[in-house]
Amino acid sequence: LTCNTCAFKTCANSETCAAGKNICYQRKWNEHHGERIERKCVANCPELGSHDTSLLCCRIPDCN
């Protein structure tokens, strides 16, 4: 599985997930400088945090 790994709205960077990490993850939240985005491979989909504006977990290549 490959997942996007950049912190921007459009993403050209992806990585091959390590063994056991078969979920692509994207989390968004707001900071003083605007919206922040985190993307990576994970083993389990995390809970939506109190400051998160959205959370996406998926198993299709580069779906995050």
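Using the three backbone atoms N, Cα and C, a Cβ is placed for every residue, glycine included.
For CYS57, the cysteine that Swiss-Prot lists as its disulphide partner among CYS45, CYS63 is CYS45.
For CYS17, the disulfide partner recorded in Swiss-Prot among CYS6, CYS24, CYS41 is CYS41. Reviewing CYS11, CYS24, CYS58, the cysteine that Swiss-Prot connects to CYS3 via a disulfide bond turns out to be CYS24. For CYS17 (disulfide bond), the disulfide-bonded residues whose C-alpha atoms fall inside a 10 Å radius of its own C-alpha are CYS3, CYS24, out of CYS3, CYS6, CYS24. Between the C-alpha atoms of CYS58 (disulfide bond) and CYS45 (disulfide bond), the distance comes to 9 Å. Most Cβ neighbours within 10 Å among the disulfide-bonded residues CYS24, CYS41, CYS45, CYS57: this distinction goes to CYS24.
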